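Mind having a look at this structure? Questions to follow.
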């Protein structure tokens, strides 16, 4: 395309274009010089403070470089010169010195950048690389970056396997990361080189102690788990021996199918996290839920003794001595009028509970199944339209 | 085995037991020697001829690894005889040979390192020899040899071609010598501490035996007891753990135990080797010699571990009974009268000593009879 156009352009046209380009360039240059003049003018108006400030940032007078701000052009130029060294070892060495300078001032992130640049120089000097990695590891360590620090220690040792500082730092990192076995391993490596190193001897001792403490805590937790499980199994056996059915559990006389998790899915209904428990007299106490479908209200009995009768609880909750619940506007909820039912969820059928029954007697009913470890009952006031309608739903 | 005429043997074989001899003849000669070392009689015969012993030693440096390995094996066999050990250590052609052997054993790339460990283990078994080797080691300019042995033993990757388990036996033998123990228990280094985890080293019974024997030997130095029991070494739980079983204790008893013994799993098993168990008991017993040591051992609820172990040991090896009873007596007994707190410093009248010895022997007989009765049941 370009060739075609060039070919089609006449000499006259070309001449015109050249003239235009010349003119544009002249205009640009004159504009530039004007601007430069304008810029130069305010020099005279600068006060002494400003000049001093400017001088302070000049590389010849600079006392300290603020790396958080962009560098002055002069300084940047010098920096480039400094690191433009052809020899990678000299370059790495220069970065190392800078890194050490920043490290001493505890400016660890800047020190890390310097060491990184030094590493990037790819010097063939193994010792120097080991030092660069070890120093970067030290800076990372002081920032709490133990994992990065540890990795640098590992690399430093690849360059120089017996670099003591790298091994010591690596051991310290392991300890901070709570890898006590590894810590002891690194300590032993350090002691091969310096058997009397007090830092390492002390570190090894405390790592050994902490490891043993951690191991004990683990064993303790496991022992507790074991104990809990044994108690759960015992409880489930008692429940089974009573002839009570738990939903999801096969009625296996061998007790092999016992799964303690059957009892643990209670959190939803159970703010107190109460669970069925066995008292010293071998009596079960169940958390029990009463549902009042008419008002979608519930009552929760944390420990319903299996030997107590339903009527006892109804008396306590709805008896003449107790103020009626606020939602019972019509006063239908009395021990006499309340009817208790339980639901067979598979067949979707309701079965009536005799109020004189004990909880145990009810739970032993063939069709009764405990769901979520919490026996649940529906309570309806008799002789109300709600009762008739509610019961109708189960008839179909 | 036929009678050997040693002079004849020396005359016929001596010339071939030499590194400069022809390969095939050397091989035949060392094969023959190796065969002889298999019998007690043969060992004794060979031991009489220093030139033959020197010949065998010279072949350990043969270029053929086959021949050198056979030469080492012959030496290992020879060193099961106490007389031979002394002779091997004092061959006139090979001064301080034990240092050379030790160096090969500790050479981290030597393929015969395990054979050398076995040889050193045998050679250092008689106390006289242990004494001599220990002196050589302690006098040698490479003064780190003892700690280097510990390092090599404790580092599973020290020599890829060898396990060095027998080094534990060498350490145990050498630790009969007080100066060796002083090096093992250098308070400014971490040496004996490294051996501690190997009390539970399931892979090797030899290693476990050697390490526990070493620790037991160290437990005889009363002046180190406070250090051994203190946090620098914390030796008690290491000695107790192999004796602990899966028994559960109530919370109170549990919390008084050293942390390493708390909440042990239900499948925790005891040390399977009876002799190791006995040495552990004896080491703990030694640590009870002084008043501070005793009260520390008692305060760590050592008794309940030993009580359960005792019940168990009765069903396993009744011959450990006296050692256990000695310890239990101290653990539950009253403190001795003032002035007699250091049990080792108490002078026992000879007549009483005799009486105790006899009682111990009678007890032992009774126990063994009981044991037998149980077996026939």
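Backbone N, Cα and C define each Cβ position, glycine as well.
TrEMBL annotations: computationally assigned, not manually curated.
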Which stretch, out of A:116-143, A:144-171, A:172-199, A:200-227, is listed as coiled coil by TrEMBL?
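In TrEMBL, the coiled coil feature sits at A:200-227.
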Could you break down the residues of the domain 'Cns1/TTC4 wheel' (A:279-392) into DSSP helix, strand and coil, giving a count for each?
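Taking each residue of the domain 'Cns1/TTC4 wheel' (A:279-392) in turn, the totals are 22 helix, 39 strand, 53 coil.
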Check the coiled coil (A:200-227) for me and report the mean pLDDT.
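The average pLDDT of the model in the coiled coil (A:200-227) works out to 94.
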